[in-house]
Amino acid sequence: MIAFLAIIRLVLSGKDESQVKKTANKGPSFRLWTFPVLVDGPFGVVTAAEMIGVILFSVYIIWAVIMYSIRSVDRLSSLHVQDMKEKSAMLLELTGRRFGFIGLTCLAFLFIPVARGSVLLRAIDIPFEHATRYHVWLGHTTMALFSLHGLFYVIGWAMRGCLVEELIEWKNVGIAHLPGVISLAAGLLMWVTSLPGVRRKKFELFLYTHQLYVVFVVFLALHVGDFIFMMVGAGIFLFMLDRFLRFFQSRKTVDILSATCFPCGTIELVLSKPANLHYNALGWIFLQIRELSWLQWHPFSVSSSPLDGKHHVAILIKVLGDWTEKLKGHILNLSVEQPEMEPLLLHNRILTASVEGPYGHESPYHLTYENLILVAGGIGISPFLAILSDILHRINDSRHCLPRNILIVWAIKNSDELPLLETIEMEAICPLYSDKLNLEIQTFVTRESQPSLEEGKRAKTMHTSISPGFSGCRMSSLAGTGNVVWSGLYVIISTIGLVIIVALLDIFYINPFNVTYWWYKGLLLIGCMAASVVIFGGLVIALWHLWERKTSLKEEPEDTTKKVDMLQQHEASLQKNLEEARSVNTIRYGERPDFQEIFGSHAKSWGSVDIGVIVCGPPTLQSSVAKECRRQNLQRRGHQAIFHFNSHSFDL
């Protein structure tokens with residue numbers, strides 16, 4: 001029901017810019033969502049609003065444990081058990097049962113943050129890259145409670161001398177133990193491989209082991225039956241809807257219109273998309289290259305503004321691991337072979353991409369600040385190129401746009417990363433933009449004490465590029481963050497379908513045949529959920545797909561030609577863009593950003609205003625920026641500026 005209300009809210013809010021306009025308040029003010037409270041430690045940067053949520057949730061768990069323990073002791077006293085061993089075993093089992101119940105409460109929310117296009121997250125404007133950390137916190141809490149649940153039962157059964165018999169017991173009426181053991185084992189495997197040390201060193205092991213969530217959920221339903229499983233069923237059902245929609249979107253191949261390899265080890269891909277697929281400048285996509293792997297999906301932030309063009313989206317990829325090394329090698333091989341190959345042979349050797357998304361913020365919050373400080377580390381400059389392009393387009397088109405003062409602080413290791421600034425054509429987007437926008441870029445080259453290349457030499461070895469061309473394959477608009485009406489119908493009709501299937505099953509099967517087995521009814525409920533997603537949700541997806549094809553046919557045939565011409569012009573103007581970027585770029589070699597000096601000086605020059613700080617980079621950079629934002633705010637006096645911390649980094 002909350003999801004239904006969220007859909008109504010999203011439809012009524014539409015695509016207007018009222019949220020941007022209403023933030024133009026009279027003076028600076030604190031906001032719980034952007035005030036960092038914790039900046040160090042295992043939780044990363046935690047804002048005041050997140051801290052309040054964590055405290056309330058922790059208080060509930062502690063209160064529930066205490067109250068259930070008191071109730072268990074009272075119940076045990078009423079049974080008048082004399083044997084101390086039997087009494088201790090019963091107390092352990094009762095306590096374990098309560099831990100299981102509290103764990104189910106956490107599990108009810110566990111799947112919601114990882115439903116990437118969830119209407120719940122969209123309604124409160126929490127993008128999935130932020131919500132994943134809530135999934136991590138809930139996951140640790142849930143598995144800790146379930147582990148205590150199982151441990152207390154195991155100890156109690158061992159004290160009674162019936163451990164093996166209880167572990168393999170599969171009751172028809174009541175809780176079935178063996179499915180619970182299997183579910184807990186799958187959960188423990190996911191939990192162990194998701195610990196930070198294992199996840200960083202063996203990411204693929206973490207990723208593939210996490211697919212055991214199917215075993216975990218199915219055997220949990222067998223363990224507790226349909227009635228208790230309904231406590232967690234809503235969140236799991238919304239996740240199933242999201243996963244089914246993502247599956248259909250990712251089946252479609254997408255044209256890579258161009259691929260550029262920069263000498264710093266960064267790749268720019270330009271992907272084809274339909275005009276009716278909208279995204280935010282702070283959006284993300286998941287990318288799969290089938291020539292490299294059919295299993296691996298990697299998240300990348302978009303580096304192009306939605307106003308750059310209706311039919312393409314660009315991303316920047318830093319070459320860091322095996323997958324990105326293979327991608328770079330594939331592009332370099334194609335760039336060597338391309339001039340000598342026949343078009344038909346070349347077409348068979350181009351990269352084949354599949355895409356999920358775009359996902360991200362529902363509203364463009366970067367437009368709600370008149371003053372922006374964008375802090376990037378290395379490839380973290382990617383989303384800020386999209387932000388800058390978006391702002392320039394809006395100023396040029398006289399659309400409502402608050403930002404007028406922008407400072408970009410960019411920390412890079414080597415100067416060969418500087419050409420990444422050339423991917424944005426500032427003068428071409430907004431001629432004489434300096435009259436309307438105060439833009440300053442401070443670049444810190446940390447591992448070089450002086451320029452390593454002369455300007456002319458760097459221009460000659462700038463990049464390697466290929467343009468495979470356009471064959472008509474665009475990204476699918478079947479995205480959870482796409483058309484609000486269609487995504488809303490998908491959720492509503494699938495839910496109504498679930499109610500219908502469950503009602504028919506009760507009327508024509510469960511009641512006439514007197515089905516009473518708990519585990520069997522739990523399995524039937526899981527089957528009903530899957531059937532409603534496939535049948536009713538599949539029907540909506542089919543209609544959505546037909547609508548997508550119909551609207552795409554209305555696009556002008558010359559759009560493809562225009563896109564190819566635009567890419568050629570983009571290639572021709574890269575050097576001009578680099579010179580343009582240098583005109584506003586102050587490069588400092590052998591230094592690291594002094595955030596205290598940078599933030600303090602700009603707070604004085606900009607006056608009593610709200611300053612939006614967006615950081616994209618490694619955790620250490622986020623922590624340093626958040627610490628300085630907190631320090632500046634706590635030491636604020638009178639009418640000084642207020643710094644609002646925002647993070648745009650994705651980390652599983």
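Backbone N, Cα and C define each Cβ position, glycine as well.
Nobody curates TrEMBL annotations by hand; they come from automatic prediction.
Taken verbatim from TrEMBL:
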type	residues	note
TRANSMEM	42-70	transmembrane segment
TRANSMEM	91-114	transmembrane segment
TRANSMEM	134-158	transmembrane segment
TRANSMEM	170-192	transmembrane segment
TRANSMEM	212-241	transmembrane segment
DOMAIN	243-365	domain 'FAD-binding FR-type'
TRANSMEM	484-510	transmembrane segment
TRANSMEM	522-547	transmembrane segment
With DSSP as the reference, give the number of residues of the domain 'FAD-binding FR-type' (243-365) in helix, strand and coil.
33 helix, 43 strand, 47 coil
Quickly jot the same-chain residues contacting the transmembrane segment (484-510) by Cβ under 8 Å, restricted to those at least six beyond its ends, or write none.
3-4, 7, 10-11, 117, 119, 237-238, 241, 245, 521, 524-525, 528-529, 531-533, 535-537, 539-541, 544, 547
Cβ pairs under 8 Å only, please: of the recorded stretches 42-70, 91-114, 134-158, 522-547, which one is richest in them relative to the transmembrane segment (212-241)?
522-547
Non-local residues, at least 6 beyond the ends, that sit with Cβ under 8 Å of the transmembrane segment (522-547):
217-218, 221-226, 229-230, 233, 236-237, 240-241, 244-245, 248, 476-478, 483, 486, 489-490, 493-498, 500-502, 505, 510, 515
Can you give the mean pLDDT for the domain 'FAD-binding FR-type' (243-365), rounded to a whole number?
82
